[in-house]
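Notes follow once the structure below has been shown.
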Amino acid sequence: MVPNANSNTVSLQSPNAIPPRTSSTGYITPFPPAKSVLRPVPESDWLGQNNTRNRSSSTTAIPLTGMHATGPQDPARYETEDLNYTSRKTWSEQKEKVLVGPFEYLFAHPGKDFRTLMVNSFNAWLEVPQESLDVITKVVGMLHTASLLVDDVEDNSLLRRGLPVAHSIFGTAQTINSANYVYFCALQELQKLKNPEAINVYTEELLNLHRGQGMDLFWRDTLTCPTEEEYLEMVGNKTGGLFRLAIKLMQAESGTPIDCVPLVNILGIIFQIQDDYRNLSSPEYGQNKGLCEDLTEGKFSFLIIHSIRSNPSNLQLLNILKQKTTDDEVKRYAVKYMEGTGSFEYTQKVISILVDRARKMTDELDNGRGKSVGIHKILDKLVV
């Protein structure tokens, strides 16, 4: 029977009164239960406390910035109200800053700007008009930064260029929205070229970028070790996508009939393999992104694939990837293991062979014109 809530004489048993302990055999402990240290609380009191608590919590709401009181509103105004806000251009600079906040945060802390260096080096051959080159350089920078925002979310990264990742500051949802917004801002910027081929290039390479990223994530999340050939295809889509985007846009705006895409494809592969190598060996890389971040991400990089496939019966490295460890000692052990399988030495040899191959392609494209200095400097930076 439920006590009358209006009665002031009905008391409830104190909540810390413990019943006799009964064993699994039904034996009841002979010791009397401890007396309550709390006095019985009348039901009207604890009901009143609950109401008070609800009232107090409702009056401590945090005020919203930019809010102000409005007078009574007539719902009939929606019969004639102009709801076409886009045509009235109500979008403000302040709202724009909200959207691009995560993008501008990362953009304000640039990396080594490898892509701008590449654009300028290839332009020695392609001789793109400066106005078009400015648009292309801006678009490539926007896409690169936006893609890094998404990468950091998908990889659960903590650091980017030695600073907290954008989604640790702005939140995951706002960061993803900002990156997606910038993808379309870049497309809008590209329309200034008034070149249909530029739009085709943009669409094709953005598709390739997401295809490569999708496979990279699939292997990580399903703990599936790809072959080297599958890895190279992924890199050609993911890393090579933005490289090709820049050069193919330049070719679309150039009057020089030269096809640089095969060379750019090789550069993209070298760049990614070299990045994988540095991730597991470079102290500078560790300071900017964390020690051996690929191991923490559970990523199947070039060295890790080689090491696992060198001895498939040993599951230690695969299990370390599965743990996505943040333990530095475990990561150092993994590096030692990969050294034992010859993966670092193998990667150095592959990079050396690919760099030599790229140099030969560069000299063939240059054909003695003396305009390949910038490309050779890029290749110098990719040697490990």
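Think of each number as a place in line: the chain as shown, counted from 1.
Note: Cβ is positioned from N, Cα and C throughout, glycine not excepted.
What Swiss-Prot says about this one:
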type	residues	note
BINDING	K112, R115, H144, R161	isopentenyl diphosphate binding site
BINDING	D151, D155	Mg(2+) 2 binding site
BINDING	D151, D155	Mg(2+) 1 binding site
BINDING	R160, K238, T239, Q272, N279, K289, K299	dimethylallyl diphosphate binding site
BINDING	D275	Mg(2+) 3 binding site
COMPBIAS	47-62	compositional bias 'Polar residues'
REGION	1-25	region 'Disordered'
REGION	39-78	region 'Disordered'
SITE	Y183	site 'Important for determining product chain length'
For this session: With dimethylallyl diphosphate as the bound species and R160, K238, T239, Q272, N279, K289, K299 as its recorded binding residues, calculate the greatest Cα-Cα distance and give it in Å as a whole number.
Result: 20
Exercise. Counting distance between Cα atoms, which of the binding-site residues K112, D151, R161 is nearest K299 (dimethylallyl diphosphate binding site)?
Worked result: D151
For this session: With an 8 Å cut-off on Cβ-Cβ distance and a minimum sequence separation of at least 6, pull the same-chain contacts of K112 (isopentenyl diphosphate binding site), or say none.
Result: none
For this session: Starting from the isopentenyl diphosphate site formed by K112, R115, H144, R161, give every other residue of that chain whose CB sits within 8 Å of the mean position of their CB atoms, in sequence order.
Result: P110, G111, D113, F114, T145, L148
Exercise. So of all those recorded positions, R115, H144, Y183, which one's Cα sits nearest to D151 (Mg(2+) 2 binding site)?
Worked result: H144
Exercise. Of all the Cα pairs drawn from K112, R115, H144, R161, the residues the record ties to isopentenyl diphosphate, which distance is largest, in Å?
Worked result: 16
Seminar exercise, completed: binding-site residues near R161 (isopentenyl diphosphate binding site): from D155, K238, T239, D275, N279, Cα within 10 Å gives none
Exercise. Rounded to an integer, what is the Cα-Cα distance in Å between Y183 (site 'Important for determining product chain length') and H144 (isopentenyl diphosphate binding site)?
Worked result: 10
